[in-house]
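Taking it in order: structure first as structure tokens, then the write-up.
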Amino acid sequence: MRSKDPCSQVGACIVNMEKKIVGIGYNGMPRDCSDNDLPWNKQSEDCLQTKYMYVCHAEMNAILNKNCTDLCGCTIYVALFPCNGCAKLIIQAGIKQVIFYSDKHSHKPETIASKRLMDMAQVKYR
């Protein structure tokens, strides 16, 4: 993995209907923002000292790094079930299937909202 996150190294790969890779991404800091200058902490009394305010998720990076004009009908493979923010991006991009390795956050509101959105948008997940 290329992610510098010491706790959560997540990758994502988007494939088209021919199973050709059209986008890849991993969780990390935004372009031109130094991995060494921003925090990787999971917890802090100051939310600005946690990674959550800064990190771009693997799904977002895979969608933004696509090498085609259209992701409609594509499948995204991802290590963790997408959060609600990434679910919105997946739906808006036209991706129709999510294949995930782990759903370890299934009890969290973000994951419950993700599944609700994807069910409504008829995005399959397994």
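Cβ coordinates are placed from backbone N, Cα and C, and glycine is handled just like the others.
According to TrEMBL, the features are:
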{"type": "ACT_SITE", "residues": "GLU59", "note": "active site, proton donor"}
{"type": "BINDING", "residues": "HIS57, CYS83, CYS86", "note": "Zn(2+) binding site"}
{"type": "DOMAIN", "residues": "1-126", "note": "domain 'CMP/dCMP-type deaminase'"}
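Same-chain neighbours of the Zn(2+) site beyond HIS57, CYS83, CYS86, judged by a C-beta within 8 angstroms of the site's C-beta center, are, in sequence order, ALA58, GLU59, MET60, PRO82, ASN84, GLY85, ALA87, LEU89. Look at the Cβ of each of the binding-site residues CYS83, CYS86 and count the other Cβ atoms within 10 Å; the largest number goes with CYS86. In this structure, the recorded positions under consideration are HIS57, GLU59, and the one with the smallest number of other Cβ atoms within 10 Å of its Cβ is HIS57. Under DSSP, the residue listed as 'active site, proton donor' is assigned to a helix (H, G or I) in the three-state scheme. The two recorded residues GLU59 (active site, proton donor) and CYS83 (Zn(2+) binding site) have their Cα atoms spaced 9 Å from each other.
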